[in-house]
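*Asks:* One structure coming up, written as structure tokens, with questions to follow.
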Amino acid sequence: MSPSNETTGLTARPLMDTLGRALVDLRISVTDRCNFRCRYCMPREVFGPDFAFLPHEDLLTFEEIVRLSSVFAKAGVKKLRITGGEPLLRRDLEQLIAMLAKTPGIQDIALTTNGSLLTQKRAQDLKEAGLRRVTVSLDSLRDEVFMAMNDVRFPVQKVLEAIRAAEAAGLAPVKINMVVKRGVNEQDVLEMAEYFRGSGHIVRYIEYMDVGNSNGWRMDDVVPASEILERIHAKWPLHAIAPHRPGEVATRYVYDDGGGEIGIIASVTRAFCGTCTRARLSPEGQLFTCLFSGRGHDFRARLRRGETDEQLFDYLASIWNIRRDRYSEMRTEATHRRKKVEMSHIGG
Ligand code: SAM
Ligand code: SF4
Ligand code: SF4
């Protein structure tokens, strides 16, 4: 079969960066807005009533996102993750998923959400549109801790309902992201493990990261992956299992007693830059080749001045071919003070 297709007319040409890393995953942030103010992501002192979020006309349209995705697919992208801000705030998101699901070369579409807007109907509509997997963020099972972390007094039960809605819609197993912060929710590590053991869902413990410049990150606030693992292992012994594929961000473990799987994302203490095949597209069409970059590459301007697919592809190739990002492997107290894109803008 010819590697070109009628949508773009482009020939497939997988890209490789200077460290031999292919481009496989694209994370698409569809909005910089959120209805939560998680302390580790969008502290309300910074993201207050006067914060200048992007005006609607600055956002990529669905057509623009799909066009870029089809060009990126020709460069090797197979997996998309829709994120934000809170992606379910973007109107008609189901429509975008349906359009992306028809894009040649795209094999998998996932969504990361805080769960606050994931009703049963929404979950079903997303699944029918072609969403394959969902990750729901939840940092504690105790209301007082969770409400302090999301800082909008959003209750735990509503997020648990969202997880059940995803399950009922056929989006199981659901991944549950828990950011572990020293002295804030570290005591919830075991409770989360216990609650989701045997459910078929997968809790992913995430080391608190120095993304952006707003969250006041300090190394002392990080609970290292080794400690998270030790705490769980002491109660319910675990063993590591192989990744699904190279470049997977979470290290996978299963309980010896058959209680299921967990993941640990140790971006701070066990950097995984060597296998990083991810690119990130901001809501206004800037491409970031690292979560910790300070500068994006402007695809929107090129789309809006009418560049062809070939031109867009060549621009992407010119960026990826010289990529040498490995921020987490080089992190120091000094690097974390550099100017970096905010997590709520680029989506994790
Ligand atoms: N609003 C959605 C949500 O919370 O799931 C999607 C966007 S959010 C930026 C994506 C993920 O990044 C969430 O699981 C969130 O917990 C995580 N995150 C945000 N700030 C973080 C930080 N400083 N360190 C580690 N993870 C963080
Ligand atoms: Fe919003 Fe997600 Fe950031 Fe929390 S982590 S403020 S839910 S974007
Ligand atoms: Fe990839 Fe940058 Fe994270 Fe390293 S620090 S894994 S290059 S996003």
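For all residues, glycine too, the Cβ spot is worked out from N, Cα and C.
Caution: TrEMBL annotation is automatic and unverified by curators.
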*Asks:* Based on TrEMBL, name the residue from Thr112, Thr113, Thr119, Thr332 that is recorded for the same GTP site as Arg27, Arg81, Lys175, Arg278, Ala279, Arg280.
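*Replies:* For the GTP site that includes Arg27, Arg81, Lys175, Arg278, Ala279, Arg280, TrEMBL also lists Thr112.
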*Asks:* Select one of Cys41, Cys290: the residue that TrEMBL places in the [4Fe-4S] cluster 2 site alongside Cys273, Cys276.
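*Replies:* TrEMBL lists Cys273, Cys276 binding [4Fe-4S] cluster 2, and from Cys41, Cys290 it also lists Cys290.
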*Asks:* Looking only at DSSP and grouping its letters into three states, which state does Arg27 (GTP binding site) belong to?
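*Replies:* Note: Arg27 (GTP binding site) is in a strand by DSSP.
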*Asks:* Taking every protein chain shown into account, which of the binding-site residues Thr112, Ser137 has the largest tally of Cβ atoms within 10 Å of its Cβ?
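*Replies:* The largest 10 Å Cβ neighbour count belongs to Ser137.
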*Asks:* For ligand 3, which among the binding-site residues Thr112, Lys175, Met209, Cys273, Cys276, Cys290 have a CB under 6 Å from it?
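*Replies:* Within range of ligand 3: Cys273, Cys276, Cys290.
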*Asks:* Where the criterion is a Cβ under 6 Å from an atom of ligand 1, which of the binding-site residues Cys276, Ala279, Arg280 meet it?
*Replies:* none
*Asks:* To which of the binding-site residues Cys38, Cys41, Cys273, Cys290 does the lowest count of other Cβ atoms within 10 Å belong?
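*Replies:* Selected from the binding-site residues Cys38, Cys41, Cys273, Cys290 on minimum Cβ neighbours within 10 Å: Cys273.
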*Asks:* Starting from the Cβ centroid of Cys34, Cys38, Cys41, the recorded [4Fe-4S] cluster 1 site, name every other residue in that chain with its Cβ within 8 Å, sequence order please.
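*Replies:* For the [4Fe-4S] cluster 1 site, the extra neighbours are Phe36, Arg37, Tyr40, Met42, Phe47, Asn114, Asn150, Met343, Ser344.
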*Asks:* So for Arg278 (GTP binding site), how many other CB atoms are inside 10 Å of its CB?
*Replies:* 21
